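Now, the feature entries from Swiss-Prot:
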REGION    1-31  region 'Disordered'
COMPBIAS  1-14  compositional bias 'Basic and acidic residues'
MOD_RES   A2  N-acetylalanine
REGION    2-56  region 'Polar'
COMPBIAS  22-31  compositional bias 'Gly residues'
TRANSMEM  51-71  transmembrane segment
REGION    57-128  region 'Hydrophobic'
TRANSMEM  72-92  transmembrane segment
TRANSMEM  96-116  transmembrane segment
REGION    159-199  region 'Disordered'
COMPBIAS  172-193  compositional bias 'Basic and acidic residues'
Amino acid sequence: MADTHRVDRTDRHFQFQSPYEGGRGQGQYEGDRGYGGGGYKSMMPESGPSSTQVLSLLIGVPVVGSLLALAGLLLAGSVIGLMVALPLFLLFSPVIVPAALTIGLAMTGFLASGMFGLTGLSSISWVMNYLRGTRRTVPEQLEYAKRRMADAVGYAGQKGKEMGQHVQNKAQDVKQYDISKPHDTTTKGHETQGRTTAA
């Protein structure tokens, strides 16, 4: 009796196909109801990475790694240099800062006097040309004045850059001189002691 009630499941119309066999886009079973009609095969890449991708990866990883390592070393060196230079700057700042301020103020005074002199000379020139009756129109005069002022500003900016570089060089020279100068207090103490014993 048990054999008569058994259901034969072999008459189902499933046609299983491996995703690696057959043509592209075929379904896994009859009715073509897979994922997007392509089954598992449509979800898997068709081929591996190309040779150019592998080559660029093999070249890029060491280059990027070495650049990152170099950046880390430079950052560490900068921090160490700052830690060494900051106490020296604080130690010599009573000499460097007033000297830099004095030189900067003097150069600012020279530049200001030069600009005022150029402005005065251009004003006198304009007045003399006006009194002589030079037939210039107002826009030409304004253009001339603009060019003169632009030249004066460019000259002042160039001189300012040169003076800033000069001040920086002088400050570095003073710092190097103070660092290289020997500070031996023990010999002075022995000299004064020798003088007192000789007396």
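Even glycines carry a Cβ here, placed using N, Cα and C.
Mean pLDDT of the predicted structure over the region 'Hydrophobic' (57-128): 86. Counting residues per DSSP class in helix, strand and coil order gives 72 helix, 0 strand, 0 coil for the region 'Hydrophobic' (57-128).
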